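One structure is given below, encoded as structure tokens.
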Amino acid sequence: MIEFHGQRLRDAFHVVVFTGAGVSAESGIPTFRDALTGLWERFDPAALATADAFRNDSALVWGWYEWRRSKVRTAKPNPAHLAIAELARLVARLTVITQNVDDLHERAGCHGVVHLHGSLHSPRCFACARPYEGTTDQLNEPEDGRRIDPPRCRHCNGKVRPGVVWFGESLPEQVWRDALAAVKDCDLLISVGTSGLVQPAAEIPRIAREHGAVVVHVNLQRESVQGEREFSLVGKAAEILPRLLAQAKE
Ligand code: BV8
Ligand code: ZN
């Protein structure tokens with residue numbers, strides 16, 4: 001079976017790097033499935049990451065996101081994030097589309113990252129949707145499992161919510177349109193660290209393949225691939241992405 005060689009990155013006109021929680025795993029950010037450690041483990045993430053959960057117990061949900069944000073704040077971009085940022089400076093055109101709500105791609109030096117599921121760093125009012133400019137940095141570090149009352153909107157006194165896309169909420173229209181445009185235009189898509197469970201993001205590799213792109217999966221598990229234009233590279237993103245970058249520089 002032929003292996004994908006990073007040299008093909010140099011020949012690409014437009015590379016899309018599509019990432020899931022696996023790209024941040026080696027920065028110590030638990031993947032969504034593992035995000036419920038400790039006291040959170042009695043909750044199902046898909047149940048906690050919903051507007052209903054926030055309505056029912058906003059302090060519990062806000063506390064979970066503040067705990068996750070505190071983990072992101074102390075985390076560092078790992079070699080996978082850094083390799084992707086360097087690739088962006090090497091290939092003709094590169095678009096990063098992420099399912100992650102952390103800012104590690106940006107902190108690694110990527111610009112114009114398409115956040116399909118929003119971000120931990122753009123809280124907004126649950127009632128009037130205005131962005132929340134106040135500081136949400138806690139006086140003391142949120143601990144695992146601690147409930148924290150969300151701040152209030154200074155315009156309407158509504159509760160502030162995380163700026164993420166919850167299950168049952170539509171992805172921001174323009175964001176999804178931008179993602180689809182890049183995926184349909186690219187000639188090479190690298191999917192990194194995603195289990196492909198969440199819709200509609202999970203459609204992205206198939207859409208790229210249907211538009212003629214070469215698709216490369218980077219994951220700890222082997223992915224089933226079709227034909228000679230799809231590849232599965234098995235291993236850690238923080239090892240495989242730097243290797244692809246080195247091959248592209250040869
Ligand atoms: C929508 C933000 C229209 C929040 C997230 C069909 C059936 C049932 C339900 C649905 C359906 N179609 C749509 C739905 C509803 C739902 C859905 O998909 N449900 C799933 C559970 C079936 N989808 C939605 O609701 C979406 N909206 O469809 O709008 C609509 C409108 C109204 C009503 C209905 C529909 C919105 C989905 C957005 C949800 N928000 N994040 C937050 O973060 O709290 S998704 C969240 O989970 C993450 O962002 C991530 O995208 C996703 C999965 O997380 P993980 O599992 O942690 O990460 P990942 O999947 O990436 O897995 C980790 C992978 O990394 C693994 O493969 C692992 O092997 C690998 N890995 C680990 N370490 C490494 C590694 N790889 C390489 N190196 C390593 N070191
Ligand atoms: Zn408001």
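Positions of Cβ are set from backbone N, Cα and C atoms, glycine also.
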NAD(+) site partner of Gln99, Asn100, Val101, Asp102, Gly193, Thr194, Ser195, Asn219, Leu220, Gln221 according to TrEMBL, chosen from Ala83, Ala85, Ala179, Ala237, is Ala237
Ala237 (NAD(+) binding site) falls, by three-state DSSP, under helix
Those recorded positions among His117, Cys125, Cys128, Cys153 lining ligand 2, judged by a Cβ under 6 Å from any of its atoms, are Cys125, Cys128, Cys153
In all the protein chains shown, the tally of other Cβ atoms within 10 Å of the Cβ of Gln99 (NAD(+) binding site) is 23
